[in-house]
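Please read the structure below before turning to the comments.
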Amino acid sequence: MSKVYDWFEERLEIQAIADDITSKYVPPHVNIFYCLGGITLTCFLVQVATGFAMTFYYRPTVTEAFASVQYIMTEANFGWLIRSVHRWSASMMVLMMILHVFRVYLTGGFKKPRELTWVTGVVLAVLTASFGVTGYSLPWDQIGYWAVKIVTGVPDAIPVIGSPLVELLRGSASVGQSTLTRFYSLHTFVLPLLTAVFMLMHFPMIRKQGISGPL
């Protein structure tokens, strides 16, 4: 076994990477509130795992979406548990994200030289809220339908470009299959991809700059 490890160590310098990960200095003022970002990440990973599991059963059509969610909850093995964990972790992710933003703001973590870390964090906060908006519609029940109708109708108040924006969001003049398809694509592909990209920008900057000092 040691020969296998030595072979990889010679080529990848695993020990140096491990030392870099485990030897970062942690300031004495750090407390549990500095873990909120990590908890948010954990919730996101739970979302990815449970959401991926539900894609095997969910059908993104206006005629079958609600029935497929019912099937997940009543007939699919552990489907009720997977969807419940998905829903609970979604709520937890939003809550932890809000608390994390407040913690960073109140402790001055957005100040020089961490401006870019703050900007990427704000983008991640917007993406998190977008997950909630798009995911809420996917069961295509009465609550989801009317929530989508209200949310997508908000831009209509914008002069000149309002109506085109509404049609872009809905995929047509009214809420229907095109709207559900758009929201499903956003929720399961576009938003997770963008979130992963901005996380890959956010975390290395934290590693590079370290944790901000006390006020």
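Going from the start of the chain as shown, residues are counted 1 onward.
Placement of Cβ uses the backbone N, Cα and C atoms for every residue, glycine included.
Here's what Swiss-Prot has on this protein:
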- Cys35: heme c binding site (BINDING)
- His86, His187: heme b 2 binding site (BINDING)
- His100, His202: heme b 1 binding site (BINDING)
- 32-52: transmembrane segment (TRANSMEM)
- 90-110: transmembrane segment (TRANSMEM)
- 116-136: transmembrane segment (TRANSMEM)
- 186-206: transmembrane segment (TRANSMEM)
Residues that sit under 8 angstroms from His100 (heme b 1 binding site) by C-beta distance, when 6+ apart in the chain: Leu36, Gly37, Thr40, Gly121
Separation of alpha carbons, the residue listed as 'heme c binding site' and His86 (heme b 2 binding site) (Å): 21
His187 (heme b 2 binding site): tally of other CB atoms within 10 A of its CB: 21
Tertiary contacts of the transmembrane segment (32-52), as residues 6+ beyond its ends and Cβ separation under 8 Å: 82-83, 85-86, 89-90, 92-93, 96-97, 99-100, 103, 128, 131, 188, 192, 195, 199, 206, 211
For the residue listed as 'heme c binding site': intrachain residues, at least 6 apart, with Cβ closer than 8 Å: none
Cα-Cα distance linking His202 (heme b 1 binding site) and His187 (heme b 2 binding site), given in Å to the nearest integer: 21
